[in-house]
Every structure is written in C-alpha cells, then in structure tokens.
Amino acid sequence: MNKKTLLGAGAALLLATGVANAATLDDVKAKGQLSCIVTTGLVGFAFTDENGRWNGFDVDFCRATAAAVLGDAEKVNFVPTTGKTRFTALNAGEGDILYRNTTITMSRDADLKLTFLGVNYYDGQGFMVNKNLGVTSAKELNGASVCIQTGTTTELNLADFFRVNNMNYEPVPIETNEEARTNYLAGRCDVYTTDASGLAATRATFDDPKNHVILPEIISKEPLGPAVRQGDDAWGDITRWVLYALLAAEEYGVTQANVDELAAKATGNPDIDRMLGTEGDFGAMVGLSKDWAKNAIKAVGNYGEIFDRNIGPDTAIGLERGLNALWTEGGLMYAPPIR
Amino acid sequence: MAAADIVDSRSALSRAWNNKEARSVILQILTVALLFGFFFYIIRNAVINLETIGKGYSFTFLSAPASYDINQTLIDYNSRDTHFRAAIVGILNTLLVAVSGIILATIVGFVLGVLRLSKNWLMSRIVYCYIELVRNVPVLLHILLIHGIVVNTLPVPRQSPSFFSESVFLSNRGLYVPSPLPEPLFWATMIAFFGGIVGTVLYKRRARKLQEETGRILPVFRVGLGLIIGLPFVVFLVTGMPMNWSYPELKGFNFVGGVAMKPEFLALWLALSLYTSAFIAEIVRAGILAVSYGQTEAAHALGLRTNRTLQLVIIPQALRVIVPPLTSQYLNLTKNSSLAIAIGYMDIVATIGGISLNQTGREMESMTIVLLIYLSFSLVISLFMNWYNKRIKLVER
C-alpha cells in the first residue's frame, strides 16, 4: 500500500519536474550538453560499440545537433529509452530532443503534444521469418506467434493487418529489440515484426543472417523522424534546420571532407554560402552562431554520408537508399531552401 | 504593560514546549500540516503542468478502441474492443496469477515449513538450503530465469513431445492440454457438486452436535469426500458422460484447440510461488515452533491420537502466529505480480498501465487506475485475512 502511494507521488513529481520550459536552447547552453533520447540499442541506428561509445544513424543526428548548437559534437548525453518510455521521457524533460526511430503520427503530434521536425528515414513495417518455415508472403502467417515491441505503431498496424486479412496470431509482447532478438532466435515466436530498417538491423546481428528472410509485404507507412516537446517553437526551428542542413549539404555536394574549404570564403554558390555562413547570417535567425551548419556537417558529414556509414549498402545492415534518396535522385528527401 | 505581555506569552510558549504532552501535540500538528502541504504542492503542480501542455484529466479515452491484441484473455477480447475492456482483461490476468500464485505458494510453503522441522537431518538441511537460496535472490531474477529456461530449453512446437496419447503437448509456446466442452446434461453434474458441498456442511453440523451431546465422532472427512467428489462422479457417469474435449493439434505454426498455459504465465506463476513459498515456509516453521511442546504432551496425556492432536491442539495455536505474517506475504505476491512486465505477461500494468497509457498518452489517468486496482486488491486481501484471523483467534472464556 505504501509502495503504491509512493509511486503515485513519484508519478506526480515526475510531471512536476517536466515543466514545459519555454527556452530549451538556454537550458542546453547552460548545461553545456544536449540530452538526446535514443533507443536502448538497435544496431545501425543507436547502439553502444565495444568501447562503450554510442554509434549509429540516429546518434549521428544527435551529434550534428550538438555541434550546431554548442559547437562540439561530443557534448551529447544519450538517454536510452524503450518504445514505451520515450515520450514520457521527452515530455518530462529528461531529454531535449528525441531521435529514436519514431513514427510521425497525428495522435503523437496532437495528443501526445510533440512537435515533429521532419523525416530522417522513410520506413514501413515488415515481417521477418526463418527461411526453413517456407513462408514467402505475410498472407501465409495465419496462426503464427509474432514478437512485437509494445507501445509502438507496429503493434496497432499488426492488429489491423491480421484482422483485415481474417487471420489469427499470437502476439508476444516484448519491450526492447534485444528481447525480440532473443525470443525470435529461441523460437518463442515465428515472426518478428517492426520497421523494415529495424528488421534489417537486427538480422545483421544474427550468426546466420542468410537463413532469415524479410517478407515482401510492407504493411504500413512509417515516416521516422525526430521530435521535440510542443511549445518551444524556437527550439523546434533550430533542430528542424539542422536536419534540413544535413539534407541540403548532400544536395549541394558539401561533405565532411570539403566543408572547411567551402566555408573558408564565399564560393559563389549562394545556396552553399548561405548555409555555411559566408553570405548573410542565417545562424543568428535561430539564435545560433554563424557556422552552425558547418559545425554539424564537419562533425558527421551530410545526410548521404551518415546513411552510407551506418546503414547503407556497404554496411552489414545493407539498406538501399530507396525512398530515402534525395529528391534529385528519385527519392523523397527534400530540404526546403535555406534563404 | 505591553512588555510584560510579551514576556508572558513567550513563557507560555516555552512552557508549552517544555511540557512533554503539549510538545508531542504541537509536533504532530506540524507533521500533518507539512504532509498536507507536500501533497497539495505536488498535486497542484501536476494540475498546472497538465494544463500547460494542454492535457486535461479525463477518462473518456477508456471508451475508444484499444486497437491492440492481447495473447492471454479470460474473457472475449479483440483489438476493436475498448481500452476499458483491455483493462478488465489485464485485471483478470493479474487476478489469475495472484490467486494461483497464492494457492501454490501456500501449499509449497506449508510443506517446506513442515519438512524444515523434520527429524531427518538430510531432509531438513536440504530444505534449509533451498529456502535460503530462493529467498535471497530477487524475485525478478527468478522470473527471468524460469522464462529463459522455458523459452530456450523446451522444443519448438513442431518438435514438441506429447503425453497421454497426443493430448498434452509441451513446447516453448506453452503447455497445451485438452479443454472441456460441456454438453447441456453436464448441468446435472454441476448441481450434484454444489449439492454435495451443501450436504457436507449440513452433515458436519450434525456431526458436531452429535459429538457435543453424546461424544460419538462421525467420519466427516470420508462422507464429505463421497458427497463432493463421489456423488457428482456417479451423476456424470449416469447421465452418459456429457462432456466433449477439445484437443490441441499442431496446425501450421502453432497448436490449435485445447487450452494453453503460456510460458509467460508459467514463469511468472512458478517464480512468484516458489519465491513466496520460501518466506511462508519460515513463517510456518516459526508458527509451529511457537506452540510449546507441553501442549502436545498434554494432549497425548488426555489420550488424543497424534493426528487429532495436530488438528485440534497444535495447528489452531500455530495459525494464530502464522496468519498475520502470511497476510503480508499474500500482499507481496500480489504486488510482485506487476513484475510481469519484464517478460511480457499481459497483466494490468502491461495493458492499461502500459500499452493503453502509451498509445493514448494518458499517463496520470492510467496510473491512477492501476494504483486504485492494486490498492483495492491489497485491501480485499487484508480484509479477508483479518476476518480469518479473528475467526481463528483464541476464544477466551
């Protein structure tokens, strides 16, 4: 009984400390570091390597944001969360920004009071099964046990998919990707479902990745993107334009290697010059220094470099650019002009 | 004049402070005021913060479709049902594991407690080691360990061994057993069963009266057994065994039909029961040791046989020591069942306090519900155990 009262008090206190503070930028500057909410571990996206250093696609965006805001990509405090705890963590002020394979949905935007900044990965929910089950389509999964991360959109899509197709399944709810991996490999479930990128990332960690297939059906749209707390538009602007700058950098051919050279003096290409601060002062518009974009690109490279290094075709995860190619290459990635 | 007043009131205060009784009253008033202040502060804070982020405090989300599936449901449920129904499913799952846990923990605990006092040195040592090992390891580890063993060592459905001519299967998807499908005539058996219970109660009353008047002892246990188990069985046979069975069958990926005990339930149930039974064993041992051996000698001297001595003299006195701490073990077990979240057993914390909370963003409301549910479970258990304790209390004449 006493435990429960304490828990209640704790919950109330949690909300009490989560005061919607208007000036996140000032907080971050005062703390001298950016708190970035990430997953507890998903190879390729956010995971700690053997040296205990955070690595991955989402992690690089965190570092880029820290570089733009604080001028130092290393000033990031990573806050690992599960699918269920991420929004509470963000709204309670445990982090300044959420970079965690999070699908943009209307209810999260409006009801959970988040502000989404844009898409950093266009994804869709898929299914992975062991090859020796002989399954070639998700429509053949009637009666299967399905491992599923609770508290995610995949859970809702899964229920809809099986209901619409008149099929039964046994949901095996799990909390983290690591748990899903263990249960799936032990045969507790026949199928693991999550975003296709997550499946590929998880499969890359298996001893025998070739024995597992990702079924062709993609049953949902999962635009993954970063989010911040609603109510701090200035902070939303900053973080949104960091993401856009990384996309624009790829479009304009600005890379980690040549950014210093290009930022040294005006190049004559107004798009590049505005972004790198040699023409006008776009950093000042959002309360950052002139070289905000240069710092971000210098730290982790442009969008294409981040993609290729962490999850691209040459990595163990081996994801094609697909929808995530630039708009100039037939993809969906499109940054509004910096002007 | 004024100066004298101040001095006077000051000395009145300091006199009150020096007075032991007055001081304790003042301190208590201060403590209560502080406590109220604290709660007022945090609740006000929560309300203000909820308003700032534009979230009200409302339970309307309970009637919206839950949209997620649950793998173990005691009542009909599908993803189109409401969050409210999902909460009920969760509550029933919590109740199921708590009640079955309490039953198993009590049985195992009593057996271990008695064995711990065994005159057989080896037996008592083995039980001693077991108890110390089990109760000194956190219950969460027990749960994860058993779940890990079940999922990793038992075979997958296609290779699962079967027992009793292919009617019971054991795999890492759970233990599948046939489930009964009663036919209409089965009612007769049910009526016979309840009739048997009523008959036994009446018979027991008569037996007690007869014993008080004449000293003759009727065989209550054997007659009761006959009435409650034998009679329904005879009726069941006479009405032509009106019962079909649904047998589990491997179809596609999983077993279909029958009833399954999922690995998650199994792990949680066994872990909670074994963990709590170690504590209950110690409580039982303490209870038995608390009854002085003189009681046994006195009973024997009166000519009572050993089992009658136990039943009429030792156990009633031991229970008085056992029941109060037993209550708190039952409460612990019920509350510990919330650790279900670690292995994905869909209890109240996982449904309304987990998925519903996460999908709707109604943290305060969902947690309030979960809090109230656990609170009422605990209160009901306490009330029942206090009632029982009062009933078995030493009646002083």
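Cβ coordinates come from backbone N, Cα and C, glycine included.
Taken from TrEMBL, the feature transmembrane segment applies to B:25-43 (among others). Beyond the transmembrane segment (B:25-43), the same-chain residues lying 6 or more positions past its ends with a Cβ under 8 Å from any Cβ of the stretch are 16-17.
For the transmembrane segment (B:86-115), the list of distant contacts is 62, 66, 68, 70, 72-75, 77, 123-124, 127, 130-131, 265, 268-270, 272-274, 276-285, 287-288, 326, 329-330, 333-334, 337-338, 340, 345-353, 355-356, 369, 373, 377: same-chain residues at least six beyond its ends, Cβ to Cβ under 8 Å. Annotation source TrEMBL lists transmembrane segment at B:86-115 (among others).
Residues or ranges marked as domain 'ABC transmembrane type-1' in TrEMBL: B:91-385.
Counting only same-chain residues 6+ beyond the ends of the transmembrane segment (B:127-150), those with a CB under 8 A from a CB of the stretch are 112, 115-116, 118, 172, 263-264, 266-268, 270-272, 274-275, 277-279, 281-282, 336, 339, 342-343. Feature annotation from TrEMBL assigns transmembrane segment to B:127-150 (among others).
If you look up TrEMBL, you'll see B:185-203 (among others) marked as transmembrane segment.
Distant neighbours of the transmembrane segment (B:223-245): 167, 178-186, 188-193, 195-197, 199-200, 203-204; these residues of the same chain sit at least 6 beyond its ends, with a Cβ under 8 Å from one of its Cβ atoms. Summarising the annotation, TrEMBL assigns transmembrane segment to B:223-245 (among others).
Annotation comment: TrEMBL describes B:265-284 (among others) as transmembrane segment. Taking Cβ pairs closer than 8 Å, the transmembrane segment (B:265-284) reaches residues 72, 96-97, 100-102, 104-106, 108-110, 112-114, 116, 127, 130-131, 134-135, 139, 142-143, 145-147, 150, 174-175, 318, 322, 325-326, 329, 332-333, 336-337, 339-340, 343, 345 in its own chain, all 6 or more past its ends.
Summarising the annotation, TrEMBL assigns transmembrane segment to B:339-357 (among others).
Look at TrEMBL and you will find B:369-388 (among others) tagged as transmembrane segment. Long-range Cβ contacts of the transmembrane segment (B:369-388) within its own chain (Cβ-Cβ under 8 Å, at least 6 residues beyond either end) map to 87, 91, 94-95, 98, 323-324, 326-327, 330-331, 334-335, 338, 348-349, 352-353.
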